[in-house]
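Notes to accompany the following structure.
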Amino acid sequence: MAVIGSIVTRRVEAAEARKWVVLVATIWIQAFTGTNFDFSAYSSQLKSVLGISQVQLNYLAVASDLGKALGWSSGLALLFLPLPLVLFAAAGMGLAGYGLQWLVITGRISLSYISVFSLCLLAGCSICWFNTVCFILCIRNFSVNRSLALSLTISFNGLSAALYTLVVTAVSSSESLYLLLNAVLPLAASAAALAPILCQPPSSSSSSSSSSPPPPPPPPPSHSPPPERTRQDSHVFLLLNALAFLTGLYLLLLTSFSSGTGTARCLLAGALALLALPSSPPGPFSRLDGGGSGFNLVDIDDLEQLHKPLLGATPGNGHAGPPPAKSGDSGACCSLGTESLVALGEEHGAWRLVRRVDFWLYYISYFCGATVGLVYSNNIGQIAQSLSMGSDTTSWWASTPPALSSVYFARTGWLALAAAPAPATFFLLAWGTGDGVLLAGTAVVGLSSGFFFAAAVSVTSELFGPASIGVNHNILITNIPLGSLLYGLLAALVYDANGLVTGAGEVAVAGLGGDGAIVCMGRRCYAATFIWWGCISAVGLASSVALFLRTKPAYDRFERNRAALFP
């Protein structure tokens with residue numbers, strides 16, 4: 001029996017080691033596939049080569065964001081294809097989408113505007129496929145701490161712009177190199193991650209927490225990991241989140257000094273070393289005693305276990321059911337549900353979801369918050385060049401991952417805190433002067449949006465149920481292409497209204513326009529846009545605060561019940 005026990009122990013330890021290796025592989029995939037964040041780095045050159053207006057350039061950015069609306073296709077692909085093949089299909093779409101754009105921007109081939117639009121759409125879709133693969137890997141390998149794994153890996157996606165800027169500066173100053181890196185580096189990251197993915201332990205989870213509907217979940221496991229191991233894993237995640245924050249801070253503070261090739265190479269080596277650091281064995285971390293820790297981590301497995309005592313069991317099957325409908329609600333099929341959430345993790349179908357006030361507060365806070373920041377990132381290249389600044393400002397976008405968003409405090413409260421600085425930042429950008437204002441403003445907007453992006457999947461799961469996350473989150477992110485279109489169009493119209501038409505054959509000003517294109521230089525190009533964005537962000541902040549106040553009782557009730565059930 002002792003021999004059998006030893007064999008079982010070794011197998012369990014091997015499975016534990018493999019899941020951490022898979023997590024590191026997922027981190028690397030996410031770190032090099034956030035290719036939508038560097039659009040602004042090459043957008044000016046793309047605009048000049050295609051000879052298009054600012055409004056037409058905005059439509060290309062919208063096409064990239066519109067690809068997110070096609071994320072459901074990755075879930076469909078997973079029904080018929082193995083995970084590694086879906087991963088390389090995503091890399092192939094990115095290779096085609098960005099690679100052909102690179103050939104266009106370097107003058108090797110010529111394509112029509114509608115063809116480039118389609119390539120942007122394909123490239124945007126590839127990002128969703130990468131995200132789905134990463135979500136599935138997290139779900140399969142971390143059945144209990146899946147929300148922590150998701151938040152951690154998503155946060156690294158915001159580092160891509162800074163990493164790509166360091167690579168470009170270390171190799172060449174050509175803006176077209178961004179497109180080549182967008183095409184090649186995700187493929188290289190996928191190849192590097194293939195071995196850990198193929199060696200991952202069997203699936204032991206039954207959830208679908210991706211932004212796209214994954215394949216039908218397997219039957220629920222007959223047992224959960226021991227509570228002690230779950231607690232140890234939670235503290236490993238806490239340390240990994242601290243490392244993620246340190247990596248983001250490193251890139252945020254030091255990339256501004258990467259103007260020289262030698263300096264950029266040294267900083268790039270340091271960044272890669274920080275990314276490789278999580279691959280060290282987590283054994284020492286897993287032995288940490290969390291008995292006296294003041295941090296309580298909200299995970300989806302707890303939601304599932306607490307759902308029954310919070311909502312009450314349905315007679316006959318023992319499963320939790322939704323709270324009984326109020327007497328006045330039975331006939332109001334189209335009315336909004338104004339009642340607050342009874343408990344976290346309560347399942348919401350699509351029809352019930354869109355009738356909840358909480359969902360629309362969440363939708364507005366995303367639409368008027370993080371999406372505004374994303375549109376800002378699409379325009380930062382044009383903004384910087386209109387102010388005669390270098391396009392490397394894009395490296396300050398989304399550089400700091402939201403490490404603390406995984407620490408217990410109502411996650412909707414973190415969203416409100418993250419949204420707080422955005423309105424004032426946009427007003428400062430409208431009226432402030434100096435290069436430092438743009439750099440600091442970009443960092444703050446990136447940090448604010450980065451918190452929201454990394455926490456959104458977990459918040460959707462906590463508020464509206466883990467089993468429905470695929471459909472519900474896809475409904476939520478419909479705000480991204482809509483906001484990209486509206487906010488980007490606003491910026492483009494203000495830009496063109498304040499610009500001058502360059503004559504045919506005239507040399508472009510600061511790399512913008514030429515051959516009859518509209519060129520705008522000076523603060524007037526975006527001042528009105530910043531004021532509008534500041535007002536819109538204030539609406540997002542108000543919505544986030546309202547959502548926090550409505551959901552805080554559910555989070556507090558959840559924590560009290562968990563403390564009673566899991567002392």
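Heads up, the Cβ atoms here are built off N, Cα and C, so glycines get one too.
If you look up TrEMBL, you'll see 212-225 marked as compositional bias 'Pro residues'.
Feature annotation from TrEMBL assigns domain 'Nodulin-like' to 19-211.
Positions annotated as domain 'NFD4 C-terminal' by TrEMBL: 346-552. Residues belonging to the domain 'NFD4 C-terminal' (346-552) score a mean pLDDT of 83 in the model.
The region 'Disordered' feature in TrEMBL is assigned to 203-231.
Taken from TrEMBL, the feature transmembrane segment covers 76-100 (among others). Sequence-remote contacts of a segment are chain residues at least 6 beyond its ends whose Cβ falls under 8 Å from one of its Cβ atoms, and for the transmembrane segment (76-100) they are 29, 33, 35, 109, 111, 119-127, 129-130, 132-133, 136-137, 179-180, 182-184, 186-187, 190, 193-194, 197-198, 213-216.
What TrEMBL lists as transmembrane segment is 112-137 (among others). Taking Cβ pairs closer than 8 Å, the transmembrane segment (112-137) reaches residues 22-23, 25-26, 29-30, 33-36, 46, 50, 52, 56, 59-61, 63-68, 70-71, 73-75, 77-78, 83, 86-87, 89-94, 96-98, 100-101, 104, 150, 153-154, 157, 182, 186, 197, 200, 209-212, 214, 457 in its own chain, all 6 or more past its ends.
The transmembrane segment annotation in TrEMBL covers 149-171 (among others).
The transmembrane segment annotation in TrEMBL covers 177-199 (among others). If you look at the transmembrane segment (177-199), the same-chain residues 6 or more away from its ends with a CB under 8 A from one of its CBs are 18, 21-22, 24-26, 28-29, 31-33, 35, 38, 41-42, 83-84, 87-88, 90-92, 94-95, 97-99, 101-102, 105, 123, 126, 130, 137, 164, 167-168, 171.
Feature annotation from TrEMBL assigns transmembrane segment to 236-253 (among others).
Under 8 Å from some Cβ of the transmembrane segment (414-432) lie the Cβ atoms of residues 365, 369, 372-373, 402, 404-405, 438, 441, 444-445, 447-449, 451-452, 455, 459, 526-528, 530-531, 533-535, 537-538, 540-541, 544-545, 547-548, all in the same chain and six or more residues away from its ends. What TrEMBL records for 414-432 (among others) is transmembrane segment.
If you look up TrEMBL, you'll see 438-464 (among others) marked as transmembrane segment.
Among residues of the same chain six or more beyond the transmembrane segment (476-495), those with a C-beta under 8 A of the stretch's C-beta atoms are 53-55, 57-58, 61-62, 65-66, 68-69, 71, 211, 359, 362-363, 366-367, 371-372, 374-375, 378-379, 382, 386, 456, 460, 518, 520, 525-526, 528-529, 532-533, 536. The annotation transmembrane segment is assigned in TrEMBL to 476-495 (among others).
The transmembrane segment annotation in TrEMBL covers 530-549 (among others). If one looks beyond the transmembrane segment (530-549) by at least 6 residues along the same chain, the residues whose Cβ comes under 8 Å of a Cβ in the stretch are 358, 361-362, 364-369, 372, 375-376, 410, 412-413, 415-416, 419-420, 422-427, 429-430, 487, 490.
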